[in-house]
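Here is the structure we will look at.
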Amino acid sequence: MKKHLHHKVSGSCDPGDRSPKEKGRSQGIRNLLILISLSIIPYLSCLGGDFVFDDAESIVNNPIVNGKDPLLQIFSRDFWGRSISSSNSHKSYRPVTTFTFWLNYKLHETSTLGYHVVNIICHTVATLVFYKLGKQLEHIFDFFNIAFSASILFAVHPVHTEAVANITGRAELLMTIFSLAALILHVKNREINCKFVLLVILSTLSKEQGLMTIPIAICIDFLAHRSCRSNFVRMICLLVAIGFLRMMVNGFEAAKFTKLDNPTAFLNSKFYRMINYTYIWLYHAYLLVIPVNLCFDYSMGCISSITTMWDLRALSPVLIFTIVIIGVKFQNECRAFTLSSLMGIISFLPASNIFFTVGFSIAERVLYLPSAGFCLLCAIIFKKLSVHFKNADVLSITLILLLISKTYRRSGEWKTELSLYSSGLSVCPTNAKIHYNLGKVLGDNGLTKDAEKNYWNAIKLDPSYEQALNNLGNLLEKSGDSKTAESLLARAVTLRPSFAVAWMNLGISQMNLKKYYEAEKSLKNSLLIRPNSAHCLFNLGVLYQRTNRDEMAMSAWKNATRIDPSHSQSWTNLFVVLDHLSQCSQVIDLSYQALSSVPNESRVHMQIGSCHAKHSNFTAAENHIKSAIDLNPTSVLFHANLGILYQRMSRHKEAESQYRIVLALDSKNIVAKQNLQKLEEHNCYNSTLP
């Protein structure tokens, strides 16, 4: 009988033999990789996108970000770079976010890829931090297996697109990261410590909603039955202290918004104002539940105001009351459900118009932090329902894939202003502001007729839209329709007498209609409002020149260059008139000052070169005219003038070469033909001499 030999095996390849700790670590790594992937993939379509919507104001034209003003002034400026104490300030104080823009600008300047990469990284970090908080809450409330599914939903939810794909939305991302990190710290330590306070401050200095971290922490303590009176008092004191300091930064003043920003806030009836607010709250909730028709701007007719009880939307308070009653009923059954609801509601409070008026009616970006509570809520509901549905996993995967697809498409729409505004028009065709924005983009791209059509639509939807009146008037003026332009611009300044740009544009239209008295009055009205407008002074100078007041024209242009040394049109016109008045010595005297400000302005070089030639400084003249040609190689005038200069210097071959370039650019140029003929006759005469 054969004996069977059994060999001892020192290890096993069976994954089932792994310890629970190893399994947990492996699953944790898998979950993290899935969340990182899902946070990045939907937003790949926005990489390399332009600066769109309010990016120009918060980044490109922000003097702190672009380095025109010292970085230390970040603490005295609002989010848009204006002085926080100014009456025109938006009163949004977010120095942490602005500092990250400053760093981006230092590294990438106006190349947008780096900005978008940072935003996507921030969204990924926010998702991972949310996952960490969710795992902690699972243990506190004994309600397991919700953190991962909630975090997946958070990673791919389409309502986050504005916060992630729009670079300016970084304020929401940073605020949420610091807020959730503070909550993680609080859940772990229970007591208030320096790290928690620092994270709350960083969150608040990223965006004002961050202050709501403290009430959320209080709710966690209360629902987890671990609150004590002393800790509660410290929390309230911290909330009051940070809130007081934040209001002190604003000088205890609220931002001043217009009816265009938030129409509901300007309703005369407090009753209907409250009804409209409740509808707006429900609409935000609707965007979380059904994120299908997303829009970058919901103002100006997109959501019409409720002004009668016959409007079904007037039932919004009843619906909210019903939801609250249902929530109260479930609070004892599931504390995690209650916390999720409170987390969403509390973090939304700063945008609710309850405590102060905000500068929008509906905004998707403000839902970034509140959506964390919503995602937890969805995970809890899904877990409860999955018990009763066999194919719950298939349905959830299908839903996630649909959300990824929607987010990917939506983030692609944020890539350019044209695609963004076009998508907005399909959702809110009655929004005058979208028509206005689309008109502006089309006009900037040279599509004048399409731009005019959108401006007319904006004015039709809102006849008092003075900015649309101004832009359309300006566009029509450029196309030669000064009469219609004058009519539109006159309406704009009637609607807003302090509209300096419209007064200036009205003056230009009146000047082109030869209404010089009215034009001068309009331009001076503009300067009364904005005395340091170099462009308005330039146009006033043009008016003086047309009415044969050369000295006053030169004075206006000199003032323009004093205010803005880089105003090239003023330098050019000033030099032309000085040359015309035989004052070339002044042109030469001012040339260094001009070229130090506008070194790459071809017309300035040309005029300086012309004056040097008149003073027989041929070498200097040649250098400046050549510089002008280098900057504008296709200018017939520049090549012709260089040919004339060479002819005066008896450098006939070089003169002939310049005239032939002129004729190649403009075959009918009479001056070049005549001068070339003279050169040929001269050469022929010289060749016949003995």
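Easy rule for this one: first residue shown is 1, then count along the chain.
Including glycine, each Cβ sits where the backbone N, Cα and C put it.
In Swiss-Prot this protein carries:
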type	residues	note
COMPBIAS	15-24	compositional bias 'Basic and acidic residues'
CARBOHYD	Asn166	N-linked glycosylation site
CARBOHYD	Asn559	N-linked glycosylation site
CARBOHYD	Asn600	N-linked glycosylation site
CARBOHYD	Asn617	N-linked glycosylation site
CARBOHYD	Asn686	N-linked glycosylation site
REGION	1-24	region 'Disordered'
REPEAT	398-431	repeat 'TPR 1'
REPEAT	432-465	repeat 'TPR 2'
REPEAT	466-499	repeat 'TPR 3'
REPEAT	500-533	repeat 'TPR 4'
REPEAT	534-567	repeat 'TPR 5'
REPEAT	602-635	repeat 'TPR 6'
REPEAT	636-669	repeat 'TPR 7'
TOPO_DOM	1-32	topological domain 'Cytoplasmic'
TOPO_DOM	54-110	topological domain 'Extracellular'
TOPO_DOM	132-138	topological domain 'Cytoplasmic'
TOPO_DOM	160-166	topological domain 'Extracellular'
TOPO_DOM	188-234	topological domain 'Cytoplasmic'
TOPO_DOM	256-273	topological domain 'Extracellular'
TOPO_DOM	295-307	topological domain 'Cytoplasmic'
TOPO_DOM	329-341	topological domain 'Extracellular'
TOPO_DOM	387-690	topological domain 'Extracellular'
Residues of the parent chain within Cβ reach of the repeat 'TPR 1' (398-431), under 8 Å, 6 or more residues beyond its termini: 38, 41-46, 48-50, 52-53, 152-153, 156-158, 160-162, 164-166, 291-302, 304, 437-438, 441-442, 445, 461
Within-chain partners of the repeat 'TPR 5' (534-567) [C-beta distance under 8 Å, separation at least 6 from its ends]: 500, 504, 507-508, 511, 516, 519-520, 523-524, 526-527, 573-574, 577-578, 580-581, 593-594, 596-598
Cβ neighbour count within 10 Å of Asn559 (N-linked glycosylation site): 19
Pairwise Cα distance for Asn559 (N-linked glycosylation site)/Asn600 (N-linked glycosylation site) [Å, integer]: 21
Asn600 (N-linked glycosylation site) and Asn166 (N-linked glycosylation site), distance between Cα atoms, whole Å: 34
Surrounding residues of the topological domain 'Cytoplasmic' (132-138) on its own chain - C-beta under 8 Å, 6+ positions past either end: 144-148, 150-151, 180, 183-184, 187-188, 220, 336, 339, 376, 379
Composition by DSSP (helix, strand, coil) of residues within the repeat 'TPR 3' (466-499): 27 helix, 0 strand, 7 coil
Intrachain residues whose Cβ lies under 8 Å of the topological domain 'Extracellular' (160-166), provided they are six or more past its termini: 43, 46, 49, 52-55, 116, 119-120, 122-123, 154, 172-173, 294, 296, 363-365, 367-368, 371, 407, 410-411, 414-415
Helix-strand-coil residue split for the topological domain 'Extracellular' (54-110), DSSP-based: 26 helix, 2 strand, 29 coil
Spatial separation of Asn617 (N-linked glycosylation site) from Asn600 (N-linked glycosylation site) - C-alpha basis, Å: 22
Local confidence of the topological domain 'Cytoplasmic' (295-307) - pLDDT mean: 87
